[in-house]
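J.: Here it is, the structure in full.
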Amino acid sequence: MIIITFMLKLTVQRQAILDLINASNRHWDADEVARALADSGGSVGIATVYRGLAALESQGFIDSIQLADKKRYERADKAHHDHMICTRCGHIEEFSHETIEELQQVAASERGFKLTGHQLVMFGFCSRCAKELDR
Ligand SMILES: [Zn+2]
Ligand SMILES: [Zn+2]
């Protein structure tokens, strides 16, 4: 019975994480998820959040992008897109570029590589930060 209660609690916590991520277009890191859950009254330990995020990702319920320092998670139901990250303010810009998509396919097939997916993360300054830095 203790085990069942524990597993039930785990499921409720994972559902709360999934609901949170599905409710917005944000790219969440584990700390932000833990903080948002705490703000909404359901305190969940950071280790549980990490495990929950990993489990939800491996089951295909959420997507992740690997940044230099950490992983961020987002809804899995968006169309394919890549990311530009501002290293100054943290802004994350989503984009999709037809030529880049095609060229990745070309680069892969030239090497006999069967492409099953890709992640492209571009680092730099967002338009607002670039303007401020120019001043
Ligand atoms: Zn910026
Ligand atoms: Zn995204």
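Using N, Cα and C of the backbone, Cβ positions are placed for all residues, glycine too.
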J.: Report the candidate from E32, E57, E101 that shares the Fe cation site with H80, D82, H118, as recorded in TrEMBL.
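T.: Candidate in the recorded Fe cation site: E101.
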J.: Sort the binding-site residues H80, D82, E101, H118 by C-alpha distance from C126 (Zn(2+) binding site) and give me just the closest.
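T.: Checking each of H80, D82, E101, H118 against C126 (Zn(2+) binding site), the shortest Cα distance is to D82.
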J.: With the cut-off set at 10 Å between Cβ atoms, which of these binding-site residues ends up with the most neighbours? Options: D82, E101.
T.: D82
J.: Which residue, out of the binding-site residues H80, H118, shows the minimum number of other Cβ atoms inside 10 Å of its Cβ in this structure?
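T.: Each of the binding-site residues H80, H118 was scored by Cβ atoms within 10 Å; lowest is H80.
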J.: Residues other than H80, D82, E101, H118 within 8 Å, Cβ to Cβ centroid, of the Fe cation site?
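T.: Close Cβ neighbours, site residues excluded: H81, S96, I100, Q104, Q119, L120.
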J.: Same chain, not part of C86, C89, C126, C129: whose C-beta falls within 8 angstroms of the C-beta centre of the Zn(2+) site? Give them in sequence order.
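T.: My list of surrounding residues reads T87, R88, G90, H91, F125, S127, R128, A130.
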